[in-house]
Amino acid sequence: MKSTSILFILGLALLLVLAFEVQVGESDGECGGFWWKCGSGKPACCPKYVCSPKWGLCNFPMP
C-alpha cells in the first residue's frame, strides 16, 4: 500500500512536469511576461513591459 502511494505521487509529479514543459515549448514565439528572462537570444518583452538591463528580466517601466 505504501509503495503504491509513492508511485502514484511520483507519477502525478511527472505528469505535471511534462504538462509544464509542453506549455513552455508552445510559447516559444510569444512575448515575455512579467519577470520573463529577456536579452540577447531571448524573446522580447510584451508591450507593457521593458527589459531591465540590470537584471535581464521583463518588468514594469519605471516612472
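Every residue, even glycine, has its Cβ placed from backbone N, Cα and C.
Values in this document were obtained by computation on a predicted structure and should not be read as measured data.
Only one of Cys31, Cys45 is recorded by Swiss-Prot as the disulfide partner of Cys58: Cys45. When you check Swiss-Prot, the disulphide partner of Cys51 from the set Cys38, Cys46 turns out to be Cys38. Close to Cys45 (disulfide bond) in the fold, though at least 6 residues off in sequence, lie Cys31, Gly32, Trp36, Cys38, Cys51, Cys58, each with a CB less than 8 Å from its CB.
Reduced to three states, the DSSP call for Cys31 (disulfide bond) is coil.
Between the candidate disulfide-bonded residues, Cys31, Cys58, the densest Cβ environment within 10 Å is the one around Cys58. Cβ crowding, taken as the number of other Cβ atoms within 10 Å, peaks at Cys38 among the disulfide-bonded residues Cys38, Cys46, Cys51.
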